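S.K.: The structure that follows is given in the form of C-alpha coordinates.
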Amino acid sequence: MYLHLTALCVVIPLCYGASMFKHDHYMDNGVRYPNGDGICKQLNETKCDAGFSYDRSICEGPHYWHTISKCFIACGIGQRQSPINIVSYDAKFRQRLPKLKFKPHMEKLKTEVTNHQNRAPEFEPEDGENLYVKLNNLVDGHYKFHNLHVHNGRTRRKGSEHSVNGRFTPMEAHLVFHHDDQTHFEPTRTKLGGAFPGHNDFVVVGVFLEVGDDGFGDEPDDEECKHILKGHHPDNNENGNGDNGNNGYNGDNGNNGDNGNNSYNGDNGNNGVNGNNGYNGDNGNNGDNGNNGYNGDNGNNGDNGNNGENGNNGENGNNGENGHKHGCRVKKAKHLSRILECAYRNDKVREFKKVGEEEGLDVHLTPEMALPPLKYRHYYTYEGSLTTPPCTESVLWVVQKCHVQVSRRVLHALRNVEGYKDGTTLRKYGTRRPTQKNKVTVYKSFK
(Lines of atoms letter the chains of each structure in order from A and count residues from 1; the text may use other names and numbers.)
(Lines give C-alpha, C1' and ligand atoms only; values in the text may rest on other atoms or scores of the structure.)
Protein backbone atom coordinates (compact mmCIF):
# COMPACT_ATOMS: atom_id res chain seq x y z
CA MET A 1 0.00 0.00 0.00
CA TYR A 2 1.06 3.54 0.42
CA LEU A 3 1.67 4.89 3.80
CA HIS A 4 3.09 7.11 6.31
CA LEU A 5 6.60 6.53 7.22
CA THR A 6 6.39 5.25 10.71
CA ALA A 7 9.69 5.93 12.38
CA LEU A 8 11.02 2.91 14.17
CA CYS A 9 14.61 3.82 14.85
CA VAL A 10 16.99 1.16 15.97
CA VAL A 11 20.40 1.26 17.54
CA ILE A 12 21.82 2.30 14.23
CA PRO A 13 20.77 5.79 13.23
CA LEU A 14 18.37 4.37 10.71
CA CYS A 15 14.62 4.50 10.67
CA TYR A 16 13.45 1.27 9.20
CA GLY A 17 9.69 1.56 9.32
CA ALA A 18 8.57 2.85 5.97
CA SER A 19 4.95 2.91 5.27
CA MET A 20 4.61 5.84 2.99
CA PHE A 21 6.54 4.40 0.13
CA LYS A 22 5.13 2.11 -2.48
CA HIS A 23 5.27 -1.68 -2.63
CA ASP A 24 3.24 -4.67 -3.68
CA HIS A 25 0.28 -5.92 -1.64
CA TYR A 26 0.54 -3.04 0.78
CA MET A 27 1.58 -0.05 -1.27
CA ASP A 28 0.17 1.48 -4.45
CA ASN A 29 2.53 0.36 -7.11
CA GLY A 30 4.56 2.83 -9.04
CA VAL A 31 7.83 1.05 -9.73
CA ARG A 32 8.24 -2.52 -8.59
CA TYR A 33 11.72 -3.24 -9.91
CA PRO A 34 14.75 -1.19 -10.93
CA ASN A 35 14.65 -2.63 -14.47
CA GLY A 36 11.08 -3.87 -14.81
CA ASP A 37 12.09 -7.51 -15.25
CA GLY A 38 11.96 -8.61 -11.62
CA ILE A 39 15.71 -8.57 -11.05
CA CYS A 40 17.54 -6.73 -8.27
CA LYS A 41 20.86 -5.72 -9.80
CA GLN A 42 22.28 -3.64 -6.98
CA LEU A 43 22.31 -4.52 -3.31
CA ASN A 44 22.70 -2.18 -0.35
CA GLU A 45 20.56 0.49 -1.96
CA THR A 46 18.65 3.05 0.04
CA LYS A 47 15.57 3.00 -2.17
CA CYS A 48 12.29 1.77 -0.77
CA ASP A 49 11.17 0.64 -4.22
CA ALA A 50 14.15 -1.69 -4.67
CA GLY A 51 13.05 -5.00 -6.10
CA PHE A 52 12.81 -8.21 -4.10
CA SER A 53 12.10 -11.79 -4.96
CA TYR A 54 11.46 -15.24 -3.53
CA ASP A 55 14.21 -16.58 -5.82
CA ARG A 56 17.68 -16.13 -4.33
CA SER A 57 19.42 -16.68 -7.67
CA ILE A 58 18.25 -13.36 -9.12
CA CYS A 59 17.53 -11.39 -5.98
CA GLU A 60 18.17 -12.10 -2.33
CA GLY A 61 15.49 -14.45 -0.98
CA PRO A 62 13.28 -13.90 2.09
CA HIS A 63 16.01 -14.69 4.64
CA TYR A 64 18.20 -11.91 3.21
CA TRP A 65 15.72 -9.24 2.16
CA HIS A 66 17.26 -6.88 4.71
CA THR A 67 20.50 -6.83 2.67
CA ILE A 68 18.86 -5.50 -0.49
CA SER A 69 18.16 -1.98 0.73
CA LYS A 70 18.64 -0.01 3.90
CA CYS A 71 14.94 0.66 3.66
CA PHE A 72 14.33 -3.07 4.18
CA ILE A 73 16.38 -3.41 7.36
CA ALA A 74 13.31 -4.21 9.47
CA CYS A 75 13.08 -7.54 7.62
CA GLY A 76 16.25 -8.59 9.45
CA ILE A 77 16.20 -6.89 12.84
CA GLY A 78 12.54 -6.10 13.52
CA GLN A 79 10.91 -7.05 16.82
CA ARG A 80 7.40 -7.88 15.57
CA GLN A 81 7.93 -9.50 12.19
CA SER A 82 5.24 -11.51 10.41
CA PRO A 83 4.20 -14.19 9.68
CA ILE A 84 4.46 -16.27 12.84
CA ASN A 85 3.56 -19.71 14.12
CA ILE A 86 0.56 -19.21 16.40
CA VAL A 87 0.57 -21.51 19.43
CA SER A 88 -3.11 -21.73 20.26
CA TYR A 89 -2.78 -22.63 23.94
CA ASP A 90 -0.37 -19.72 24.52
CA ALA A 91 -2.74 -17.17 22.97
CA LYS A 92 -4.49 -15.00 25.56
CA PHE A 93 -8.27 -14.79 25.55
CA ARG A 94 -9.59 -11.22 25.51
CA GLN A 95 -13.28 -11.01 26.30
CA ARG A 96 -13.89 -7.64 24.64
CA LEU A 97 -12.45 -8.44 21.24
CA PRO A 98 -15.12 -7.43 18.70
CA LYS A 99 -16.79 -9.38 15.93
CA LEU A 100 -15.17 -8.97 12.53
CA LYS A 101 -17.59 -7.17 10.21
CA PHE A 102 -17.53 -4.87 7.21
CA LYS A 103 -19.32 -1.70 6.22
CA PRO A 104 -21.26 -1.90 3.98
CA HIS A 105 -22.06 -5.55 4.66
CA MET A 106 -21.64 -7.98 1.71
CA GLU A 107 -20.71 -5.17 -0.66
CA LYS A 108 -19.83 -6.30 -4.18
CA LEU A 109 -16.82 -4.36 -5.44
CA LYS A 110 -15.40 -3.65 -8.87
CA THR A 111 -11.75 -4.65 -8.71
CA GLU A 112 -8.84 -4.94 -11.09
CA VAL A 113 -6.28 -7.76 -10.98
CA THR A 114 -2.96 -7.84 -12.82
CA ASN A 115 0.12 -10.04 -13.07
CA HIS A 116 2.44 -8.86 -10.29
CA GLN A 117 5.49 -10.74 -11.49
CA ASN A 118 6.87 -12.89 -8.67
CA ARG A 119 4.24 -11.71 -6.18
CA ALA A 120 0.73 -13.01 -5.73
CA PRO A 121 -1.78 -11.34 -8.09
CA GLU A 122 -3.92 -8.92 -6.17
CA PHE A 123 -7.48 -7.68 -6.55
CA GLU A 124 -7.55 -3.91 -6.01
CA PRO A 125 -10.77 -1.90 -5.79
CA GLU A 126 -11.38 0.67 -8.48
CA ASP A 127 -11.65 4.35 -7.59
CA GLY A 128 -14.84 5.13 -5.75
CA GLU A 129 -15.26 1.60 -4.37
CA ASN A 130 -15.27 1.90 -0.59
CA LEU A 131 -15.37 -0.90 1.97
CA TYR A 132 -14.30 -0.54 5.59
CA VAL A 133 -13.43 -3.13 8.20
CA LYS A 134 -15.37 -2.94 11.48
CA LEU A 135 -13.55 -4.03 14.62
CA ASN A 136 -15.27 -1.84 17.16
CA ASN A 137 -13.15 -0.91 20.21
CA LEU A 138 -10.05 -2.53 18.68
CA VAL A 139 -9.43 -0.10 15.80
CA ASP A 140 -11.26 2.98 14.60
CA GLY A 141 -13.60 2.71 11.65
CA HIS A 142 -11.35 4.26 9.03
CA TYR A 143 -9.50 1.25 7.63
CA LYS A 144 -10.40 1.01 3.96
CA PHE A 145 -10.17 -2.12 1.79
CA HIS A 146 -6.99 -2.04 -0.27
CA ASN A 147 -6.70 -5.47 -1.85
CA LEU A 148 -7.23 -9.21 -1.68
CA HIS A 149 -4.36 -11.54 -2.55
CA VAL A 150 -3.55 -15.20 -1.97
CA HIS A 151 -0.16 -16.67 -1.02
CA ASN A 152 1.06 -20.10 -2.11
CA GLY A 153 4.14 -22.19 -1.37
CA ARG A 154 6.71 -24.26 -3.19
CA THR A 155 4.77 -27.36 -2.17
CA ARG A 156 1.04 -27.89 -2.44
CA ARG A 157 0.57 -28.58 1.27
CA LYS A 158 2.60 -25.71 2.73
CA GLY A 159 1.47 -22.46 1.19
CA SER A 160 0.08 -20.40 4.05
CA GLU A 161 2.35 -17.79 5.60
CA HIS A 162 1.03 -18.22 9.13
CA SER A 163 0.72 -21.56 10.84
CA VAL A 164 -1.17 -22.73 13.92
CA ASN A 165 0.65 -25.16 16.18
CA GLY A 166 3.12 -25.77 13.37
CA ARG A 167 0.48 -26.69 10.80
CA PHE A 168 0.08 -24.95 7.45
CA THR A 169 -2.59 -24.99 4.73
CA PRO A 170 -2.13 -24.94 0.93
CA MET A 171 -2.85 -21.20 0.66
CA GLU A 172 -3.56 -18.13 2.76
CA ALA A 173 -5.79 -15.25 1.69
CA HIS A 174 -5.03 -11.73 2.89
CA LEU A 175 -7.63 -8.98 2.96
CA VAL A 176 -5.62 -5.80 3.35
CA PHE A 177 -7.11 -2.64 4.85
CA HIS A 178 -5.23 0.63 5.11
CA HIS A 179 -6.05 3.58 7.33
CA ASP A 180 -7.68 6.35 5.37
CA ASP A 181 -5.10 9.10 4.88
CA GLN A 182 -7.85 11.71 5.07
CA THR A 183 -8.74 10.93 8.69
CA HIS A 184 -6.95 11.06 12.02
CA PHE A 185 -6.39 7.98 14.13
CA GLU A 186 -9.01 7.73 16.84
CA PRO A 187 -8.12 6.24 20.24
CA THR A 188 -9.41 2.71 20.84
CA ARG A 189 -10.85 1.20 24.00
CA THR A 190 -9.35 -2.27 23.70
CA LYS A 191 -5.55 -2.36 23.96
CA LEU A 192 -3.37 -5.33 23.05
CA GLY A 193 -0.93 -5.17 25.91
CA GLY A 194 0.60 -1.82 24.98
CA ALA A 195 3.94 -3.39 24.00
CA PHE A 196 4.18 -1.33 20.81
CA PRO A 197 3.39 2.39 20.93
CA GLY A 198 1.79 4.31 18.12
CA HIS A 199 -0.83 3.32 15.58
CA ASN A 200 -1.07 0.54 13.05
CA ASP A 201 -1.33 1.72 9.46
CA PHE A 202 -2.83 -1.58 8.31
CA VAL A 203 -5.34 -4.18 9.36
CA VAL A 204 -4.75 -7.45 7.51
CA VAL A 205 -7.25 -10.29 7.81
CA GLY A 206 -5.63 -13.68 7.20
CA VAL A 207 -7.69 -16.71 6.16
CA PHE A 208 -6.36 -20.26 5.92
CA LEU A 209 -7.45 -21.83 2.62
CA GLU A 210 -7.89 -25.57 2.20
CA VAL A 211 -8.52 -27.26 -1.14
CA GLY A 212 -11.04 -29.89 -2.18
CA ASP A 213 -12.70 -31.50 -5.18
CA ASP A 214 -16.30 -32.28 -4.25
CA GLY A 215 -19.07 -29.76 -4.70
CA PHE A 216 -17.30 -27.20 -6.89
CA GLY A 217 -18.78 -28.29 -10.21
CA ASP A 218 -17.04 -28.57 -13.55
CA GLU A 219 -14.26 -26.24 -14.56
CA PRO A 220 -15.80 -23.06 -16.00
CA ASP A 221 -15.14 -22.46 -19.69
CA ASP A 222 -14.10 -19.11 -21.15
CA GLU A 223 -17.67 -18.03 -21.87
CA GLU A 224 -18.80 -18.85 -18.34
CA CYS A 225 -15.76 -17.02 -16.95
CA LYS A 226 -16.88 -13.81 -18.67
CA HIS A 227 -20.10 -13.89 -16.66
CA ILE A 228 -18.43 -14.99 -13.43
CA LEU A 229 -15.88 -12.18 -13.51
CA LYS A 230 -18.72 -9.68 -14.00
CA GLY A 231 -20.29 -10.89 -10.78
CA HIS A 232 -22.96 -13.20 -12.20
CA HIS A 233 -23.20 -16.46 -10.28
CA PRO A 234 -25.64 -19.35 -10.24
CA ASP A 235 -28.46 -19.13 -7.74
CA ASN A 236 -27.03 -21.82 -5.48
CA ASN A 237 -26.34 -19.67 -2.45
CA GLU A 238 -23.30 -20.75 -0.46
CA ASN A 239 -25.40 -20.79 2.66
CA GLY A 240 -28.51 -22.09 0.97
CA ASN A 241 -29.18 -25.39 -0.72
CA GLY A 242 -26.18 -27.66 -0.96
CA ASP A 243 -25.27 -30.27 -3.55
CA ASN A 244 -27.48 -33.00 -2.19
CA GLY A 245 -28.88 -31.48 0.93
CA ASN A 246 -31.95 -29.67 2.06
CA ASN A 247 -29.96 -27.08 3.91
CA GLY A 248 -26.83 -26.44 1.93
CA TYR A 249 -23.11 -26.85 2.31
CA ASN A 250 -23.06 -25.01 5.55
CA GLY A 251 -26.53 -25.74 6.80
CA ASP A 252 -26.51 -26.27 10.56
CA ASN A 253 -28.67 -29.35 10.33
CA GLY A 254 -28.98 -29.98 6.62
CA ASN A 255 -30.33 -33.42 5.74
CA ASN A 256 -27.80 -34.16 3.07
CA GLY A 257 -24.41 -32.57 2.66
CA ASP A 258 -21.93 -33.72 0.03
CA ASN A 259 -21.79 -37.33 1.11
CA GLY A 260 -23.51 -37.53 4.45
CA ASN A 261 -26.81 -37.54 6.24
CA ASN A 262 -26.27 -34.06 7.48
CA SER A 263 -24.68 -30.96 6.01
CA TYR A 264 -21.08 -30.96 4.81
CA ASN A 265 -20.05 -28.96 7.80
CA GLY A 266 -23.20 -29.28 9.83
CA ASP A 267 -22.96 -28.60 13.54
CA ASN A 268 -24.41 -32.00 14.29
CA GLY A 269 -23.86 -33.73 10.99
CA ASN A 270 -23.82 -37.52 11.06
CA ASN A 271 -21.59 -37.82 8.08
CA GLY A 272 -18.93 -35.36 6.98
CA VAL A 273 -16.76 -35.83 3.92
CA ASN A 274 -15.56 -39.30 4.75
CA GLY A 275 -16.05 -39.59 8.47
CA ASN A 276 -18.78 -40.57 10.86
CA ASN A 277 -19.36 -37.01 11.86
CA GLY A 278 -18.93 -33.64 10.14
CA TYR A 279 -15.57 -32.53 8.79
CA ASN A 280 -15.39 -29.91 11.44
CA GLY A 281 -18.78 -30.44 12.97
CA ASP A 282 -18.99 -28.91 16.41
CA ASN A 283 -20.02 -32.24 17.83
CA GLY A 284 -18.40 -34.42 15.23
CA ASN A 285 -16.58 -37.44 16.62
CA ASN A 286 -14.41 -37.80 13.60
CA GLY A 287 -12.50 -35.45 11.35
CA ASP A 288 -11.37 -35.71 7.74
CA ASN A 289 -11.11 -39.43 7.31
CA GLY A 290 -13.13 -41.21 9.93
CA ASN A 291 -11.62 -41.69 13.34
CA ASN A 292 -8.85 -39.25 12.78
CA GLY A 293 -9.10 -35.50 13.30
CA TYR A 294 -7.78 -33.03 10.77
CA ASN A 295 -5.35 -31.06 12.88
CA GLY A 296 -5.77 -32.15 16.45
CA ASP A 297 -4.07 -29.74 18.83
CA ASN A 298 -3.67 -32.57 21.27
CA GLY A 299 -4.58 -35.36 18.92
CA ASN A 300 -2.39 -38.45 19.04
CA ASN A 301 -1.27 -38.23 15.46
CA GLY A 302 -1.95 -34.79 14.01
CA ASP A 303 -3.53 -35.16 10.56
CA ASN A 304 -4.53 -38.73 11.22
CA GLY A 305 -4.67 -38.61 14.98
CA ASN A 306 -7.49 -39.89 17.14
CA ASN A 307 -8.56 -36.53 18.38
CA GLY A 308 -8.87 -33.70 15.85
CA GLU A 309 -9.07 -30.02 16.61
CA ASN A 310 -12.78 -30.28 16.14
CA GLY A 311 -13.15 -33.95 16.83
CA ASN A 312 -13.86 -35.77 20.07
CA ASN A 313 -11.18 -34.12 22.12
CA GLY A 314 -10.05 -30.77 20.78
CA GLU A 315 -7.61 -28.49 22.49
CA ASN A 316 -9.44 -28.27 25.77
CA GLY A 317 -12.76 -29.98 25.49
CA ASN A 318 -14.97 -32.75 24.25
CA ASN A 319 -16.33 -30.74 21.36
CA GLY A 320 -14.12 -28.49 19.30
CA GLU A 321 -11.25 -26.40 20.57
CA ASN A 322 -13.04 -25.39 23.71
CA GLY A 323 -16.36 -27.07 23.37
CA HIS A 324 -19.41 -26.62 21.20
CA LYS A 325 -19.58 -22.86 21.41
CA HIS A 326 -16.34 -22.10 19.59
CA GLY A 327 -16.01 -24.99 17.20
CA CYS A 328 -15.34 -24.48 13.50
CA ARG A 329 -17.07 -25.30 10.30
CA VAL A 330 -15.16 -25.20 7.04
CA LYS A 331 -17.02 -23.01 4.56
CA LYS A 332 -16.97 -24.20 0.97
CA ALA A 333 -16.42 -20.96 -0.97
CA LYS A 334 -17.88 -21.87 -4.34
CA HIS A 335 -18.30 -18.36 -5.73
CA LEU A 336 -14.83 -17.27 -4.67
CA SER A 337 -13.36 -20.44 -6.17
CA ARG A 338 -14.83 -19.78 -9.59
CA ILE A 339 -13.71 -16.14 -9.53
CA LEU A 340 -10.14 -17.10 -8.63
CA GLU A 341 -10.06 -19.94 -11.17
CA CYS A 342 -11.18 -17.65 -13.98
CA ALA A 343 -8.92 -14.76 -12.97
CA TYR A 344 -5.72 -16.78 -12.55
CA ARG A 345 -6.31 -18.59 -15.87
CA ASN A 346 -6.87 -15.37 -17.82
CA ASP A 347 -3.90 -14.36 -20.00
CA LYS A 348 -3.89 -10.84 -18.52
CA VAL A 349 -3.06 -12.34 -15.14
CA ARG A 350 -1.37 -15.62 -16.02
CA GLU A 351 1.27 -14.30 -18.44
CA PHE A 352 4.37 -12.47 -17.20
CA LYS A 353 4.28 -8.73 -17.79
CA LYS A 354 7.02 -6.13 -17.50
CA VAL A 355 6.33 -3.10 -15.35
CA GLY A 356 4.36 -0.64 -17.44
CA GLU A 357 2.99 -3.37 -19.70
CA GLU A 358 0.43 -4.81 -17.30
CA GLU A 359 -3.14 -5.29 -18.46
CA GLY A 360 -5.80 -5.09 -15.80
CA LEU A 361 -8.59 -7.65 -15.64
CA ASP A 362 -11.89 -6.35 -14.29
CA VAL A 363 -13.39 -8.58 -11.62
CA HIS A 364 -16.49 -8.13 -9.47
CA LEU A 365 -16.16 -9.74 -6.06
CA THR A 366 -17.28 -9.52 -2.46
CA PRO A 367 -14.31 -9.69 -0.06
CA GLU A 368 -16.49 -11.48 2.50
CA MET A 369 -16.58 -14.43 0.10
CA ALA A 370 -13.12 -15.28 1.46
CA LEU A 371 -14.24 -15.37 5.09
CA PRO A 372 -15.95 -17.95 7.31
CA PRO A 373 -19.63 -17.32 8.10
CA LEU A 374 -20.12 -14.54 10.65
CA LYS A 375 -20.85 -16.86 13.60
CA TYR A 376 -17.57 -18.70 12.95
CA ARG A 377 -15.28 -15.68 12.65
CA HIS A 378 -13.24 -16.52 15.74
CA TYR A 379 -9.76 -15.12 15.37
CA TYR A 380 -6.24 -14.67 16.67
CA THR A 381 -4.85 -11.14 16.68
CA TYR A 382 -1.42 -9.63 17.22
CA GLU A 383 0.65 -6.61 16.24
CA GLY A 384 3.05 -7.56 13.48
CA SER A 385 4.48 -6.44 10.17
CA LEU A 386 4.08 -6.57 6.42
CA THR A 387 5.22 -9.94 5.08
CA THR A 388 7.01 -8.36 2.10
CA PRO A 389 9.68 -5.63 2.11
CA PRO A 390 9.96 -3.17 3.70
CA CYS A 391 8.47 -5.42 6.44
CA THR A 392 7.05 -2.32 8.14
CA GLU A 393 6.00 -3.05 11.72
CA SER A 394 2.66 -1.29 11.53
CA VAL A 395 0.12 -4.07 11.00
CA LEU A 396 -2.69 -5.38 13.18
CA TRP A 397 -3.16 -9.01 12.12
CA VAL A 398 -6.57 -10.69 12.44
CA VAL A 399 -5.99 -14.36 11.60
CA GLN A 400 -9.14 -16.46 11.31
CA LYS A 401 -9.26 -19.64 13.36
CA CYS A 402 -11.77 -21.36 11.06
CA HIS A 403 -10.69 -22.36 7.57
CA VAL A 404 -12.30 -21.80 4.17
CA GLN A 405 -12.19 -24.36 1.37
CA VAL A 406 -11.73 -23.57 -2.32
CA SER A 407 -11.45 -25.89 -5.29
CA ARG A 408 -8.19 -27.68 -6.01
CA ARG A 409 -8.27 -25.98 -9.41
CA VAL A 410 -7.67 -22.61 -7.71
CA LEU A 411 -4.37 -23.83 -6.29
CA HIS A 412 -3.38 -25.29 -9.65
CA ALA A 413 -4.21 -22.06 -11.50
CA LEU A 414 -2.37 -19.84 -9.00
CA ARG A 415 0.74 -22.02 -9.12
CA ASN A 416 0.71 -21.74 -12.92
CA VAL A 417 0.79 -17.94 -12.99
CA GLU A 418 4.04 -16.79 -14.62
CA GLY A 419 6.13 -14.88 -12.11
CA TYR A 420 9.41 -14.52 -13.95
CA LYS A 421 10.65 -13.27 -17.32
CA ASP A 422 11.72 -16.75 -18.46
CA GLY A 423 8.21 -18.13 -17.90
CA THR A 424 8.94 -19.68 -14.50
CA THR A 425 5.69 -19.93 -12.59
CA LEU A 426 4.81 -19.23 -8.96
CA ARG A 427 4.93 -22.95 -8.19
CA LYS A 428 8.75 -22.98 -8.24
CA TYR A 429 9.50 -20.48 -5.48
CA GLY A 430 6.07 -19.76 -4.05
CA THR A 431 5.01 -16.42 -2.61
CA ARG A 432 5.24 -17.08 1.12
CA ARG A 433 7.65 -15.65 3.64
CA PRO A 434 8.86 -18.21 6.21
CA THR A 435 7.54 -17.86 9.76
CA GLN A 436 9.57 -15.50 11.94
CA LYS A 437 11.04 -16.40 15.32
CA ASN A 438 10.41 -13.16 17.21
CA LYS A 439 8.24 -13.28 20.31
CA VAL A 440 4.96 -11.39 20.10
CA THR A 441 1.89 -11.73 22.29
CA VAL A 442 -1.08 -13.28 20.49
CA TYR A 443 -4.64 -12.76 21.67
CA LYS A 444 -7.75 -14.69 20.71
CA SER A 445 -11.45 -13.88 20.60
CA PHE A 446 -12.55 -17.33 21.82
CA LYS A 447 -11.90 -19.47 24.88
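Glycine is no exception: its Cβ is also placed from the backbone N, Cα and C atoms.
These numbers come from a predicted model, not from an experiment.
Taken from Swiss-Prot, the feature Zn(2+) binding site applies to His149, His151, His174. Among the features that Swiss-Prot reports, substrate binding site is placed at Thr387, Thr388, with the record citing similarity to another entry. As annotated by Swiss-Prot, compositional bias 'Basic and acidic residues' applies to 224-236. Per Swiss-Prot, the feature compositional bias 'Low complexity' maps to 237-321. The domain 'Alpha-carbonic anhydrase' annotation in Swiss-Prot covers 50-446 and rests on sequence analysis. As annotated by Swiss-Prot, N-linked glycosylation site applies to Asn44, Asn261. Here Swiss-Prot flags 218-329 as region 'Disordered'. Look at Swiss-Prot and you will find 242-322 tagged as region '27 X 3 AA approximate tandem repeats of G-X-N'.
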S.K.: What is the total of other Cβ atoms whose distance to the Cβ of His149 (Zn(2+) binding site) is within 10 Å?
M.R.: 22
S.K.: Measuring Cα to Cα, how many angstrom lie between His149 (Zn(2+) binding site) and Thr388 (substrate binding site)?
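M.R.: It is 13 Å, counting Cα to Cα.
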S.K.: Relative to the Cβ position of His174 (Zn(2+) binding site), how many further Cβ atoms are located within 10 Å?
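M.R.: Looking across every protein chain shown, the total is 24.
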S.K.: Within 10 Å of its Cβ, which one of these binding-site residues (Thr387, Thr388) has the largest number of other Cβ atoms?
M.R.: Thr387
S.K.: Are there any residues in the same chain, six or more apart in sequence, whose C-beta is under 8 angstroms from the C-beta of His151 (Zn(2+) binding site), and if so which?
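M.R.: Correct list: Ala120, Gly159, Ser160, Glu161, Met171, Glu172, Ala173, His174, Thr387, Gly430, Thr431, Arg432.
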